[in-house]
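**Student:** Dumping what Swiss-Prot says about this protein:
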- Gln25, Ser52, Trp63, Phe147, Pro173, Asp209, Trp213: 8-oxoguanine binding site (BINDING)
- 119-183: region 'Helix-hairpin-helix' (REGION)
- Lys143: active site, schiff-base intermediate with DNA (ACT_SITE)
- Asp175: active site (ACT_SITE)
Amino acid sequence: MTVPTFLRKVTLREICVIEEYVDVQYRAIEALMDTLPSTDLVRLTVANALVSYQLSSSGEDWWREFSSYFRERRPRDIVREYARFLPRSRGNRRLIRQKLRRLHRAKAFLEELSWQDAKSYYRDMNRLRLDLARVLNADPESKTIVFTVKMFGYALRAITGRFRPYPFEIPIPVDARIERITRRITNDDPQLYWDSIARRTGIPPLHLDSILWVGTSRDPEVKRLLAKVLPKLIGELEMLGN
């Protein structure tokens, strides 16, 4: 299996820089650090990630809206305030009842999540994946479960200033963009394909997701920042995303 050319030109450290300086999701979480206590920021990040599917806006605009809303508030009850925000949002208006039910199922987990728990999960993010899947009665490899672990990792990295690579056993979250990119390369199952590429490049799947997500974004701000941070990949990534 051939490794895509652009992945031969990028290191995990460079992807980490892209995540922190280009990815709207990371920057949206980071922007809440001055507003919310650390534990509340982690809880809120997990809550938002768990219902970030079937969006009615781009993913970039959705995370901007989420961050903007909570920068203006200091909620005492994170889950209750999030349940108020979601139905009124612009970027996440589909399947609201289903998403509120999911939030309700996660309510006890979120409310009981302490800062010590969060630090422990950061040392073993695969355990977080399995616990979330159990709480929600979901497939541990499903898109929203693995995506939530990724966003949790972003929150802990932003808060602690410490980078921990994602575990190799956590697969890439397969959304429409990843599905489309994969089909331009191979007919293999996307998670199996990117797992194989991860092993060959030494870059965990959730970090591969970052370069694919950011690199094929049509968001003007993302494209501008990526051109500034890692110009050597712009051409190849744009071809992959078109």
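Backbone N, Cα and C atoms are what each Cβ position is placed from, and that goes for glycine too.
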**Student:** Of these recorded positions, Phe147, Pro173, Asp175, Trp213, which scores lowest on Cβ atoms within 10 Å?
**Tutor:** Asp175
**Student:** Name the secondary structure element type, per DSSP in three states, that contains Pro173 (8-oxoguanine binding site).
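**Tutor:** Going by the DSSP assignment, Pro173 (8-oxoguanine binding site) belongs to neither helix nor strand, so it counts as coil.
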**Student:** Which one of the recorded positions (Ser52, Lys143, Asp209) has its C-beta surrounded by the most other C-beta atoms within 10 angstroms?
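**Tutor:** Per the Cβ count, the most surrounded site is Asp209.
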**Student:** Say you check the Cα of Asp175 (active site) against those of the recorded positions Gln25, Trp63, Lys143, Phe147, Asp209; which is nearest?
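**Tutor:** Out of the listed candidates, the nearest Cα belongs to Lys143.
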**Student:** Cα of Pro173 (8-oxoguanine binding site) to Cα of Lys143 (active site, schiff-base intermediate with DNA): how many Å, rounded?
**Tutor:** 4
**Student:** Quick one: largest C-alpha distance among Gln25, Ser52, Trp63, Phe147, Pro173, Asp209, Trp213, binding 8-oxoguanine per the record, in angstrom?
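**Tutor:** Spelled out: the longest distance between any two Cα atoms in Gln25, Ser52, Trp63, Phe147, Pro173, Asp209, Trp213 is 17 Å.
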**Student:** On the 0 to 100 pLDDT scale, where does the region 'Helix-hairpin-helix' (119-183) sit on average?
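**Tutor:** Averaged over the region 'Helix-hairpin-helix' (119-183), per-residue pLDDT gives 98.
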**Student:** Looking only at DSSP and grouping its letters into three states, which state does the residue listed as 'active site, schiff-base intermediate with DNA' belong to?
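**Tutor:** The residue in question, the residue listed as 'active site, schiff-base intermediate with DNA', is helix (DSSP, three-state).
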**Student:** Over all shown protein chains, what is the count of other CB atoms within 10 A of the CB belonging to Gln25 (8-oxoguanine binding site)?
**Tutor:** 26
**Student:** Quick check: which same-chain residues outside Gln25, Ser52, Trp63, Phe147, Pro173, Asp209, Trp213 lie with their CB within 8 A of the centre of the 8-oxoguanine site CB atoms?
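**Tutor:** Surrounding the site, in chain order, are Ala49, Gly59, Lys150, Met151, Asp175.
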**Student:** Counting only residues 6+ away in sequence within the same chain, which have a CB under 8 Å from the CB of Trp63 (8-oxoguanine binding site)?
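**Tutor:** Correct list: Val24, Gln25, Ala28, Ile29, Asn48, Ser52.
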